[in-house]
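For reference, the structure I am asking about is given below.
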Amino acid sequence: MENTQHSLPIDHVIDIGDNRYIRVWETKPKNKETKRNNTIVIASGFARRMDHFAGLAEYLANNGFRVIRYDSLNHVGLSSGEIKQFSMSVGKHSLLTVIDWLKERNINNIGLIASSLSARIAYEVAAEIDLSFLITAVGVVNLRSTLEKALKYDYLQMEVNTIPEDLIFEGHNLGSKVFVTDCFENNWDSLDSTINKICELDIPFIAFTSDGDDWVCQHEVKHLVSNVKSDKKKIYSLVGSSHDLGENLVVLRNFYQSMTKAAVSLDRQLVELVDEIIEPNFEDLTVITVNERRLKNKIENEIINRLADRVLASV
């Protein structure tokens with residue numbers, strides 16, 4: 001294996017106009033002896049940045065995959081916008097922009113890994129874009145139900161102008177009026193709306209649930225998968241996990257292993273998980289995680305300095 005264990009991801013910027021951009025990180029394959037058919041795109045969950053998935057990117061790269069991560073617009077991370085302006089449609093636009101950008105670079109064979117709220121976005125578009133396969137983990141299938149469980153109240157039953165604007169979801173201000181208005185106007189809220197979008201999916205598909213997930217009902221995931229057209233589909237359980245896949249190192253390692261096994265299997269057009277993968281050691285994971293955090297901080301400081309220069313130039 002090539003000695004690239006501690007190399008940083010390649011930093012790309014997709015210019016979408018109006019001084020707005022999507023930041024993308026590319027991790028090259030670190031096992032050049034294993035040839036994979038697909039590039040993996042990781043869509044981070046709500047309030048998760050792409051550097052939060054450094055470990056998963058390392059697992060996949062060590063098993064021969066090129067890995068693409070990105071931060072959504074109007075979200076936490078390095079792309080344009082603030083999370084209080086986030087909506088599901090903005091997340092959809094961000095994902096589609098990244099997919100289009102890859103295809104413009106002649107990267108056409110793409111497998112998508114999406115977790116939590118981003119999985120609902122993946123379900124929205126996966127049947128309409130040219131993916132090789134789809135993997136979801138603790139994927140939201142009934143957005144209204146998940147929000148009610150997470151927020152302890154069904155705010156979507158209220159008139160939009162009466163919903164508190166400062167709802168905190170996953171430690172961040174949801175920007176509830178923007179988010180809820182988009183949910184209703186674009187039919188993001190119900191299980192039926194999710195099934196209507198994903199039912200024509202005809203590519204290999206693996207969904208992972210967690211047996212301790214209080215936010216996503218496993219029977220609803222099973223109902224969704226049963227309605228998917230593809231004859232290559234399967235559900236697996238992340239035993240011992242909750243909705244938080246990073247709650248401890250045991251759960252996190254199981255998540256990395258499971259996603260990587262699924263990616264290797266689906267790259268071969270199989271839904272039965274492979275038995276063996278190459279695992280990076282703990283020291284390498286620690287170093288790359290720290291290095292990516294430093295890269296994130298460096299880019300954030302550069303962004304702040306550019307904004308300050310613009311303000312000074314306008315005075």
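Positions of Cβ are set from backbone N, Cα and C atoms, glycine also.
According to Swiss-Prot, the feature active site, charge relay system maps to Ser116, Asp213, His243, an assignment based on sequence analysis.
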If you count the C-beta atoms lying within 10 Å of each candidate's C-beta, which of the active-site residues Ser116, His243 ends up with the smallest number?
His243
Can you tell me how far the Cα of His243 (active site, charge relay system) sits from the Cα of Asp213 (active site, charge relay system), in Å?
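Computed Cα spacing between His243 (active site, charge relay system) and Asp213 (active site, charge relay system) is 5 Å.
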Output, ordered by sequence, the same-chain residues six or more apart from Asp213 (active site, charge relay system) with a CB under 8 Å from its CB, or 'none'.
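Looking at Cβ-Cβ distances below 8 Å from Asp213 (active site, charge relay system), excluding near sequence neighbours, one finds Val138, Ser241, Ser242, His243.
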For Ser116 (active site, charge relay system), just give me the three-state DSSP call.
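DSSP assigns Ser116 (active site, charge relay system) to helix.
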Sort Asp213 (active site, charge relay system) into helix, strand or coil using the DSSP assignment.
coil
